[in-house]
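Beneath this line is the structure, given in structure tokens, with notes to follow.
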Amino acid sequence: VLSPADKTNVKDAWGKVGGHAGEYGAEALERMFLSFPTTKTYFPHFDLSHGSAQVKGHGKKVADALTLAVGHVDDMPQALSALSDLHAHKLRVDPVNFKLLSHCLLVTLAAHLPAEFTPAVHASLDKFLASVSTVLTSKYR
């Protein structure tokens with residue numbers, strides 16, 4: 001459960017991401033594909049090379065979903081319901097992959113926002129991404 005301090009930390013940190021959200025989303029995906037090659041199996045139709053338009057496009061989708069979650073932090077299940085349905089029923093993404101992407105997002109944010117990435121912000125973002133992952137996997141059951 002996100003505390004009021006966690007929610008503030010997440011909103012402040014995501015606000016600093018600003019116009020780079022899509023770029024950071026794509027970078028996190030690239031990190032995931034390189035670090036966890038089995039995740040590539042969900043994207044057989046993508047050009048997964050560095051800087052590809054498809055990875056950038058999906059990175060923007062990831063970032064947009066996170067922006068939506070930040071904006072609806074008190075009602076993520078409702079806000080992310082369609083995305084949860086998509087990943088559970090159509091795409092059938094293994095839930096462990098959300099944890100892998102979350103880790104890569106944290107690494108990416110730490111690399112780009114070192115001054116802002118304090119231990120408290122790190123913990124809050126980790127809890128937030130775990131909450132997003134829980135919502136996205138809630139319809140698997």
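From the backbone N, Cα and C atoms, a Cβ is placed for every residue, glycine too.
The O2 binding site annotation in Swiss-Prot covers HIS58, and the record cites sequence analysis as its basis. A simple way to gauge crowding: the CB of HIS58 (O2 binding site) has 17 other CB atoms within 10 angstroms, across all the protein chains here.
Note on HIS87 (heme b binding site): other Cβ atoms within 10 Å of its Cβ, all shown chains, come to 21. Under DSSP, HIS87 (heme b binding site) is assigned to a helix (H, G or I) in the three-state scheme. According to Swiss-Prot, the heme b binding site annotation covers HIS87, on the basis of sequence analysis.
The domain 'Globin' (1-141): residue composition by secondary structure is 110 helix, 0 strand, 31 coil, according to DSSP. Marked as domain 'Globin' by Swiss-Prot on the basis of sequence analysis: 1-141.
Look at Swiss-Prot and you will find SER3 (among others) tagged as phosphoserine. The Cβ of SER3 (phosphoserine) lies under 8 Å from no Cβ of any same-chain residue at least six residues away in sequence.
Among the features that Swiss-Prot reports, N6-succinyllysine is placed at LYS7 (among others).
The phosphothreonine annotation in Swiss-Prot covers THR8 (among others). Within the same chain, no residue at least 6 positions away from THR8 (phosphothreonine) has a Cβ under 8 Å from its Cβ.
Annotation source Swiss-Prot lists N6-succinyllysine at LYS11 (among others). Cβ contacts within 10 Å of LYS11 (N6-succinyllysine), excluding its own Cβ and spanning all protein chains shown: 15.
Contacts of LYS16 (N6-succinyllysine) defined by a Cβ separation under 8 A and a same-chain sequence distance of 6+ are given as LEU113, GLU116, in order along the sequence. What Swiss-Prot records for LYS16 (among others) is N6-succinyllysine.
Summarising the annotation, Swiss-Prot assigns phosphotyrosine to TYR24.
Proximity of SER35 (phosphoserine) to non-local residues of its own chain (separation of 6 or more, Cβ distance below 8 Å) is seen for LEU100, CYS104, given in sequence order. The phosphoserine annotation in Swiss-Prot covers SER35 (among others) and is backed by similarity to another entry.
Taking the Cβ of THR108 (phosphothreonine) as centre and 10 Å as the limit, one finds 23 other Cβ atoms among all the protein chains shown. The phosphothreonine annotation in Swiss-Prot covers THR108 (among others) and rests on similarity to another entry.
Counting only residues at least six positions away in the same chain, the Cβ atoms of LEU2, ALA5, ASP6, LYS7, ASN9, VAL10, ALA13 sit under 8 Å from the Cβ of SER124 (phosphoserine). What Swiss-Prot lists as phosphoserine is SER124 (among others), and the listing cites similarity to another entry.
Note: THR134 (phosphothreonine) has no non-local neighbours, i.e. no same-chain residues 6+ apart with C-beta under 8 A of its own C-beta. The phosphothreonine annotation in Swiss-Prot covers THR134 (among others).
Sequence-distant contacts of THR137 (phosphothreonine), defined by Cβ-Cβ distance under 8 angstroms and a gap of at least six in the same chain, are SER84, HIS87, ALA88, PRO95, PHE98. Per Swiss-Prot, phosphothreonine is recorded for THR137 (among others).
What Swiss-Prot lists as phosphoserine is SER138 (among others), and the listing cites similarity to another entry. A 10 Å cutoff on Cβ-Cβ distances gives SER138 (phosphoserine) a total of 15 other Cβ atoms nearby, all chains included.
Confidence for the domain 'Globin' (1-141), expressed as mean pLDDT, is 95. Listed in sequence order, the recorded positions from LYS11, HIS58, THR108, SER138 having a Cα within 10 Å of the Cα of TYR24 (phosphotyrosine) are THR108. By a simple count of nearby Cβ atoms, those within 10 Å, the most crowded of the modified residues LYS7, TYR24 is TYR24. Separation of the C-alpha atoms of LYS11 (N6-succinyllysine) and HIS58 (O2 binding site): 22 Å, rounded to the nearest whole number.
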